[in-house]
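Undergrad: Sharing the feature lines straight out of Swiss-Prot:
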{"type": "REGION", "residues": "1-58", "note": "region 'Disordered'"}
{"type": "REGION", "residues": "103-162", "note": "region 'Disordered'"}
{"type": "REGION", "residues": "183-212", "note": "region 'Disordered'"}
{"type": "ZN_FING", "residues": "208-290", "note": "zinc finger"}
{"type": "DOMAIN", "residues": "441-612", "note": "domain 'JmjC'"}
{"type": "BINDING", "residues": "THR505, ASP506, PHE507, HIS508, VAL509, ASP510, TYR518, LYS525, HIS580", "note": "substrate binding site"}
{"type": "REGION", "residues": "712-790", "note": "region 'Disordered'"}
{"type": "COMPBIAS", "residues": "748-757", "note": "compositional bias 'Basic residues'"}
{"type": "REGION", "residues": "864-910", "note": "region 'Disordered'"}
Amino acid sequence: MDGNDINIQKNEFSRDQSALLMMDQHSDHKNHESAIGEPGMSYTASQPALSSTEHQTPLVSEASVAAPQNHLNGNSHESVSEMDRNSVDFAIESVLMKARAYNKMGAPKDPRRKQHNPKSEPKIEPHVTDSSDNQAAMSNKMEAEAPKMESNQNYVSNGSEPPFRFVSISNFDEMKTKKKEVQEELKLEVDSDSEEDDVPEQKTPKESDRCGGCGKFTHEDDLIALEEEKKKEKEKPLMSKKKSHHHKKNDFQWIGCDSCQTWYHFLCSGLEQFEYYLYEKFFCPKCVPHTGHSIRYKVVAPHRYRWYSPNEKHLGIEVGSKTWIEDFITRENTVPSPTDDEVCIVEDGYEFRREFEKLGGADNWGKVFMVKDMDGLNMTMPKPGFDLEDVVKIMGSDYEVDTIDVYNQSTYSMKLDTFRKLFRDTKNRPLLYNFLSLEFSDNNEMKEIAKPPRFVQEISMVNRLWPDVSGAEYIKLLQREEYLPEDQRPKVEQFCLAGMAGSYTDFHVDFGGSSVYYHILKGEKIFYIAAPTEQNFAAYQAHETSPDTTTWFGDIANGAVKRVVIKEGQTLLIPAGWIHAVLTPVDSLVFGGNFLHLGNLEMQMRVYHLENAIRKEIRSEEKFYFPNFELLHWMYMRNVLLEKITEANQEGSDMREQEKNIWTASQIMKAEMERWMDRELRLGPEKNAILPTDDKNKIMISVRKQIEIQTKIQNAKNKPMGLKQKRKSRESAERDDEDYCPSSSTAYKKKYTKKAKKDNDDAPKVKKAKKEEVPEEKVPVPEAAGPSEVTAPLTIKIGMGPTEDQKGVVQIFNNQCTSSGRKVKLNQNVADYCGSHLEARVEEIPEKATKSFRELDNELERCEAVHSGEKIKKVKEPKPPKQPKEKKEKPPPKKKEMSSRDRLMKKLKM
C-alpha cells in the first residue's frame, strides 16, 4: 500500500486533543509502537483501506507531511523518510510532528485545513467504561509519568527537539478535566447522526494541482470563492418536503479521474448533483471515449440508505430503502380505510361545494375531501394527452429541479431532461427518483395550463396580497400603495409532481400547516393519513427527532393512520395539519399546490410551532418551510385585517355579528405577532429580515388600538340597557301609582323648576319636537235591549303618513353609505323619531334640501365618532377662494362740445 493511501488526513485533532492523546505515550520515545489512548478507551490510529464498494478516502501528499516539519527549529528524533510508510509508525509520527508544530509555532497556516469537513470523516469509536477503577488507574499513571514529563525539558535546554511536547497544565485535576472534555466530544461525534453521511468523501489533490475543467481555482481558492458567492446571493429555500444536503458545498469538492489522474471540481466534472456519490471509478469526459462510462458502486446493502457500504450489511432495515419498499408494497393494503368523519368522498365539484358549505365552509374545514370528477371545481388542468415531455418542452430541458433519491431518502438537483430519460427507461431502474417541487408560476405558458380550484384562489392569503397583475385587484393595490414586490411572494400554489413506480415519500406535515389540492393527471397515488390531533403531533415530533430510521410512523401511531387511494382524474383536498405519507404504485404525473387561509389559521400556527420545535431539536437548517411565513402574516394584518377592524369601529358595529371569522383570525394573529415581536426585541432581527423592526412595531401599535376599540364596542353591547332610558318613564310611573308620595327633595326640585320657569318667562322659548300623535276615534256602541251596562269605549288607531321632517330624515339615511358601500348604522333616536317610516325606506325626494352634502358628511362623521368613543375633531371649513374682480375699462373721455359763447370767451382771453 502506498503511503499516500493512508487515511491520516481525516484524523486531525485540535491542539489540546493532540497533546492530551500524546500524554499517554510510552516514556521511551525511541519506541514508536506504543499504543495511543488511555485506560478504558481505545483509538484506531490508522484506518484500513476501504473496500472497492466504498467511497475513495482523501489522500495525503508528502507536502502535507512536510508542511508542519518546516516550522521546527530542531531536528526531529526520527526522520519520516527513514520510516516504513506501510506501518502504523508513520501515522503516529505524523500526529507527533503536528503536535510539535502546534506547541512551538501555533497552528501552521496550511490551506488544506480550511476545507476540512469533520462531518465527512470516519468516526473515531471510543470504547469507554465508566468504572472508577479505570479512572483511578488513569490518575495513577499520570502521576507516575510526571517525572518523565519534566525530563523532556532537557531536550530544550540541550538545543534538541523532543519527540513530542505537552500542553502546559497547572495540575493533574485540570488535566483530567481536559481529557474528559475530549472524551465527551468524541462521544458526541459518534452519537450524532450526520446529514452528510452519504456525501462522497473528499479527495485531496496536491497544492500544485488545478481543476481540469475550469483551471482557475486551487484548493484554497475554492472556499474563498464559495464564501464570496454566499455573500452576494441569499440562499433560497429548497423546494422539497424532505431534508436536503448542502449541495453548494459539494460543488467545489474534488474528484479525480481514475484514468488520467486529473483533478476536477464536482461542478466542472460533468456530473450532476445526484451522481456525486454514485461512482466507484470516475472517468472524466476526455477519457470516456477510450475507457467507457464511469463505474457505479455495487449494491451491497439494499436495506440501507448507504446501499453501497459493506459496513452496513448487518444493520436494520431503514424506512424508504429498497428492501423496505418492496416489503411494504406487499402488506400496505392492510392499513385500515378512513371513516366518514375523516374523509368525505363526493362525485364532483358541485357536490363538494354543497357538502363543504354544509360543514361550515373554509372557516370550519377539518375533513379531507376526495372529488372523483373535477367538474364543478372551476379548476384548470391540461388537456388529455399532456405528458412529461410537454413539461420538459415548456420549462426547458436544462431546467434543474430538486429531485428525491428514493432509496437514499435525500434530495439532489437534477435536470428535467435527465429525469425524463430515467423516467422513460422502465426496464433499467437501479434507483428510483421523483420530484415534488417543480413550481411553475413564473412560467407564463405553464401557469395558464394548470390553475388551482376557484375556491382556493378566493380564500388564499397569498392570492389576496399578491393578486394577478392582469386583474382589477392588482390595480386597486397600486392605487392604495399596498402592492408588495413579486420576489417576496411565496410561490407554492402551482406545483408539478412526477414519480416513478415504487417511489415512497415518508410522513410529513405540509410546511406552515398549509392546505393542499392534489389532482392526478396520470397514474395513481396512495395516501396514508393521520388526523391533526395533539396525540398524533406528539408521536410525530418524537418520530422526527429520533435518530432511529427503522421504525414506520404508522406502527407507533396506535391505529391513527388510514389509507386513501386516488386514481387518475381524481382530486384530493387536504386541510391544515394532516400528517401523511405517499406511495406511488405506478408512474404518475400530478398537479397540485399549497395555500394558507384564515379558516385554518389556528392549526397553521400550531404546525408552525411544531416545525420550529423539530428544527430546534435536530438543529437542521435545511428543512423546507413555507417561504416568508411571518412576513406574509405581518402584511396580511396590515393590509387586510386592520382595515376591516378599523372600518367596523368607524361604523360602531360588532364584528362578532357580521364578520366573526375576521375577528377570530385577528385575535389569533395578534397573539402570535406579539410573540414574534417579543422574540425580535430580545434576540434581535433575523438575518436577511425583509420588514424592519420599526415597521412591525408601528403595525402592532395600530392593531392594539383598533382591537381595544372593538372590544369596547362589544362590551357596551353586552351590558343591559342603561338607567337613563328607565328614568324617562319615571313621571308616568309616578302618576300611575296612587300611593306614591314624593320626598322632600323631589318636591323641592319640582318647586324650584316651576319657579325657574316663571322667572325665565322673558327668555326665548324653544319648541320641542312633538312625538307623533295618532288620533283616536271613538265609535259608539249600540245599547243592548236588556238592562244598561257600563262599557269601555272602543278606540281605533289610524296610521298617518310621514311628516315632511320624517321624509327628509329617511331620505338622508337611505342615501348615506360608508367608503365600503355599507348602509350607515342608524342612531336609536333617529329610529325612534321616524318610527316605521324609516323601516319602510320610502324613496321620496324632499322638495327642498334641508342641508348641504358637506353638512351631512360632517354630521355623519360626528355620529360615528360618538359611537366609537373618539374625540370629535373640529375642522374649520375652508373658505372659498375669493374670485378676483374684473377690472372695468374706463371709456375714453368724451370731447366737450364748445358752444358759441365758449368760443367767444376763448378769443377774448387770447
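Glycine is treated like the rest: Cβ placed from N, Cα and C.
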Undergrad: Note down the number of other Cβ atoms within 10 Å of the Cβ of TYR518 (substrate binding site), including every protein chain shown.
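TA: 21, counting other Cβ atoms within 10 Å of TYR518 (substrate binding site).
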Undergrad: Going by DSSP, give the three-state secondary structure for HIS580 (substrate binding site).
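TA: It is in a strand.
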Undergrad: Specify the count of other C-beta atoms within 10 Å of the C-beta of THR505 (substrate binding site).
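TA: The answer is 22.
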Undergrad: Can you check which residues sit near HIS580 (substrate binding site), meaning Cβ under 8 Å from its Cβ, same chain, 6 or more apart in sequence, and list them in order?
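TA: For HIS580 (substrate binding site), the qualifying residues are PHE507, HIS508, VAL509, PHE527, TYR528, ILE529, ALA530, ILE574.
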Undergrad: Should THR505 (substrate binding site) be counted as helix, strand, or coil on the basis of DSSP?
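TA: In three-state terms, THR505 (substrate binding site) counts as strand.
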Undergrad: Which value does the mean pLDDT take for the domain 'JmjC' (441-612) in this predicted structure?
TA: 93
Undergrad: The record lists THR505, ASP506, PHE507, HIS508, VAL509, ASP510, TYR518, LYS525, HIS580 as binding substrate. What's the largest Cα to Cα distance among them, in Å, rounded to a whole number?
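TA: The substrate-binding residues span at most 17 Å between Cα atoms.
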Undergrad: If you count Cβ atoms within 10 Å of the Cβ of PHE507 (substrate binding site), leaving out that atom itself, what do you get?
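TA: Total other Cβ atoms inside 10 Å, all chains included: 20.
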